[in-house]
Amino acid sequence: MTNALLEDLKWRGLIYQQTDESGIENILNKEQVTLYCGADPTADSLHIGHLLPFLTLRRFQEHGHRPLVLIGGGTGMIGDPSGKSEERTLQTEAQVETNVQGINKQMHKIFEFDTEKGAKLVNNKDWLGQISLIDFLRDYGKHVGVNYMLGKDSIQTRLEHGISYTEFTYTILQAIDFGHLNRTYNCKVQVGGSDQWGNITSGIELMRRMYGQTEAYGLTIPLVVKSDGKKFGKTEGGAVWLDAAKTSPYEFYQFWINTTDDDVIKFLKYFTFLEQEEIEALEKSLNEAPHLREAQKALAENVTRFIHGQDALDDAIRISQALFAGDLQSLSASELKEGFKDVPQVELSSETRNIVEVIVETGISSSKRQAREDVNNGAIYINGIRQQDVNYELTSEDKIENEFTIIRRGKKKYFMVNYK
């Protein structure tokens, strides 16, 4: 008997590996399954590189299964070597706790917690913190062979350059997590990124050895790779965070709206809850009228709404449309700063007033001759208003909040002029 959820995951390309394909299908067909996915609090916010495993877990919730969302307050004190070429810097306990609180809030955007079968947040510090060193070595270490651990890719790739005993034992801690959740909540499936395969199978093996549990499974999702081979989730400005204070909803929206034609359908399948028919219709539009960018708009709107809400999405669209149209007058100072964060920032002495001198001093035009031509030809805009008078003098009215002026040269070249 096929399972609708698994068929949907396969269609979306979300299944990379399964420890027991028929076993997972059987339990999903016969019962409401409790399953989990975890993240270590390495920062006080998740970024979009963390999203896919948790969105996949949410798909299980949409089909009636119960997610456990694990925040690694314990394992975060240690550091996962998976996918890392060098040792992590240990965080203080206070920093880890701050990070846990930040991520907890974000999980409430991704999962439903307040229903009868809602998700549950758990922190592995609650049980790992209770295990003494002697208990760890006797109760758990005795069941884990060194040769078995050395066979893990996450360990092997680090042996050449060195790995501390601290990180070497990480996989045992995550294995303990799976066992604890299995015995406490009857959790039978762990979901994770493809780099978590070794940690997931360690948990299944530890449960089998310690108390004969054979009904435990793992499912991993693929690494998100862009068509150009570049790392997903990074911009020139760094990571794209879920925290609006780190990455504004406008910047978040812009990240998704700028998805290439080659990636957009894959990302619609990965990151949205749109049905197959809706995505296929967007794919048809992409093939027949790519200039409309309907697929990109659907992606940006759905993901931004899911993470930041409708109001933030509306603001992001409004700012985007105003900037595209050059309608700067309709935006507040904070929205302008947000929208022009990545344009060249230039400084101007407050004494300089004449428009020609202004655009030469700031480097917007290369010479006074070029500056005069730019002004005369209508290529210069002050705060969105074309200025064609070479004798124009900037006044306090041209300073937004007495702090900056937006100058545009040509159709799209913007500069934020800050006053010394």
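Cβ coordinates are placed from backbone N, Cα and C, and glycine is handled just like the others.
Among the features that Swiss-Prot reports, L-tyrosine binding site is placed at Tyr36, Tyr170, Gln174, with the record citing sequence analysis. Tyr170 (L-tyrosine binding site) falls within a helix when secondary structure is assigned with DSSP.
Swiss-Prot lists Lys234 with the feature ATP binding site. Lys234 (ATP binding site) falls within a strand segment according to DSSP.
Per Swiss-Prot, domain 'S4 RNA-binding' is recorded for 353-420, and the stated evidence type is sequence analysis. Per-residue pLDDT, averaged along the domain 'S4 RNA-binding' (353-420), amounts to 89 for this model.
Residues 71-73, 76, 88, 91, 96, 98-103, 106, 224, 232-233, 239-243, 246-247, 255 of the same chain lie 6 or more positions beyond the ends of the motif ''HIGH' region' (41-50) yet place their CB under 8 Å from a CB of it. The motif ''HIGH' region' feature in Swiss-Prot is assigned to 41-50.
Listed as Cβ neighbours of the motif ''KMSKS' region' (231-235) (distance under 8 Å, sequence separation of 6 or more from its ends, same chain) are residues 47-49, 224-225, 255. Taken from Swiss-Prot, the feature motif ''KMSKS' region' applies to 231-235.
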Cα distance (Å, whole number) from Lys234 (ATP binding site) to Gln174 (L-tyrosine binding site): 27
Residues in the motif ''HIGH' region' (41-50) grouped by DSSP into helix, strand and remaining coil: 3 helix, 1 strand, 6 coil
Nonlocal neighbours by CB distance (under 8 Å) for Tyr170 (L-tyrosine binding site), same chain, sequence gap 6 or more: Thr75, Ile78, Gly79, Asp80, Pro81, Asn199
Cβ neighbour count (within 10 Å, all chains shown) around Tyr36 (L-tyrosine binding site): 24
Counts by DSSP class (helix H/G/I, strand E/B, coil) across the domain 'S4 RNA-binding' (353-420): 19 helix, 21 strand, 28 coil
